[in-house]
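What Swiss-Prot records for this protein:
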type    : residues                                               : note
BINDING : GLY42, PRO43, ASN44, GLY45, SER46, GLY47, LYS48, THR49 : ATP binding site
DOMAIN  : 10-218                                                 : domain 'ABC transporter'
Amino acid sequence: MSKKNSTPLISAVNLTCIREERLLFDELSLQINAGDIVQVEGPNGSGKTSLLRILSGLSQPYDGQILYREQLISHCREEFHQNLLYFGHLSGVKGEMTAEENLDFNLALHGNKTQESLSYLAKVNLSGFEECLASHLSAGQHRRIALARLYQSNVPIWILDEPFTAIDKQGVASLERLFSLHAERGGCVILTTHQDLISIKPEQIKKITLDYSYDSAVD
């Protein structure tokens with residue numbers, strides 16, 4: 001991972017988002033730099049997941065642009081996605097593989113076969129489930145397998161939608177420490193959560209609040 005520099009990792013310029021004829025946010029601009037931990041806040045339905053999907057290039061805004069290192073992501077999509085880890089509501093876990101095999105598969109995809117998957121599963125409270133087929137595990141356990149990939153990841157941009165769901169207090173604290181370390185190494189973390197980030201220094205956290213004051217229908 002590269003060291004911190006003055007070029008923003010992600011820039012959003014005048015984003016407008018409309019879903020089901022509702023205006024969620026309008027002319028939203030932001031810059032996310034290496035070292036940033038950005039917490040997106042707002043009530044349910046305010047557009048938090050929509051914003052994360054737009055920032056990750058998985059959804060298109062009604063208007064506005066997303067840039068990666070000052071280039072439109074449409075011009076560098078492959079490079080952008082190689083430097084992005086997105087954690088959404090779908091885990092991406094393969095049911096025909098065990099929990100350990102899912103992590104080994106992820107390591108193999110990224111050209112790194114030397115790290116120990118068992119220790120990562122322990123960090124997300126899945127010790128004892130290493131040899132269980134993922135198809136026999138719960139949805140919450142699938143999310144924990146997906147979260148274990150964070151401990152394997154060297155990509156700079158992490159975009160995480162409610163990463164603390166189904167994680168106990170010890171696991172949350174461990175993830176928060178990981179986020180701080182990732183930021184200190186020159187990465188960035190963009191996440192939604194209703195929890196306070198108590199293990200992260202307040203000066204490390206930037207907050208974006210989505211809370212449109214009226215339910216605006218679009219003609």
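First residue shown is number 1, and so on along the chain.
Placed from the backbone N, Cα and C atoms, the Cβ positions cover glycine too.
Using the Cβ center of GLY42, PRO43, ASN44, GLY45, SER46, GLY47, LYS48, THR49 for ATP, the list of other same-chain residues with Cβ within 8 Å runs, in sequence order, LEU24, SER50, LEU210. All protein chains included, SER46 (ATP binding site) registers 17 other Cβ atoms within 10 Å of its own Cβ. DSSP classifies THR49 (ATP binding site) as helix under the three-state reduction. The binding-site residues GLY45, GLY47 differ in how many other CB atoms lie within 10 Å of their CB, and the one with the most is GLY47.
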